[in-house]
Amino acid sequence: MAQQVSGRQPRYKRILLKLSGEALMGSEDFGIDPKVLDRMALEVGQLVGIGVQVGLVIGGGNLFRGAALSAAGMDRVTGDHMGMLATVMNGLAMRDALERSNIPALVMSAISMVGVTDHYDRRKAIRHLNSGDVVIFSAGTGNPFFTTDSAACLRAIEIDADVVLKATKVDGVYTADPFKDPHAEKFDHLTYDEVLDRKLGVMDLTAICLCRDHKMPLRVFNMNKPGALLNIVVGGAEGTLIEEGQA
């Protein structure tokens, strides 16, 4: 059952949470770590418990990397289609974890997969969100050459989410890779144009421009920090906030 969290009022009514496929690997070298799935399902359940509507987009990098095989000679479109299928596999695994916790969930795919997932339908997705179901958007945008980050921003705009929350391995956006540069400094707040001008690599250009053009706030945070997701949703200042206006 969705866990009830008392005494904390959500700042956002509807969010779009973007998880990388790599996040699902946990301590494994490949695939899906069931312990990570269960932990993420618990954190999402906490949000549902306080009345937050949750849309999810999960990458596929834990199962397939189209870009790497494309560099080795595979046709890019074929590689991207295979990557889309990987995101469907991750979506099904996440749905299973949520339902085992008695959290109703629905997987929608941008590629028609009758009998496996529902086909993506914006109006149907919004109806399910309004009913308290977690909606998992898979297969990216359904088109090659678009990343799952772009898909996350697109779906967030389509379902009229209040914010895109991008879960990463670090607690925000830095001036450089903090794993490689010990002097890298973290930003608490950035504008879309600053991200583009500084080439910070938060998301690809298409995703950032989508957010900028539709004034969709984006927050980057560390999913491995316990309670970070809930803290953001109730108004905490985790990670880095990217939005329009002055930094």
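Every residue, even glycine, has its Cβ placed from backbone N, Cα and C.
Per Swiss-Prot, the UMP site holds ASP80, THR141, GLY142, ASN143, PRO144, PHE145, PHE146, THR147, THR148; the candidate it also names there, chosen from GLY55, GLY60, GLY115, GLY172, is GLY60. In this structure the alpha carbons, written CA, of THR168 (ATP binding site) and THR141 (UMP binding site) are 21 Å apart. Maximum C-alpha to C-alpha distance over the listed ATP-binding residues LYS18, LEU19, SER20, GLY21, GLY61, ARG65, THR168, TYR174, ASP177 is 25 Å. Annotation for the binding-site residues GLY60, GLY61: lowest Cβ count within 10 Å of the residue's own Cβ, GLY61. Looking at LYS18 (ATP binding site) and PHE145 (UMP binding site), their Cα atoms lie 18 Å from each other. Cα spacing between THR147 (UMP binding site) and GLY61 (ATP binding site): 11 Å, rounded to the nearest whole number. Considering only the binding-site residues SER20, GLY61, ASP177, the residue whose Cα is spatially closest to the Cα of PHE145 (UMP binding site) is GLY61.
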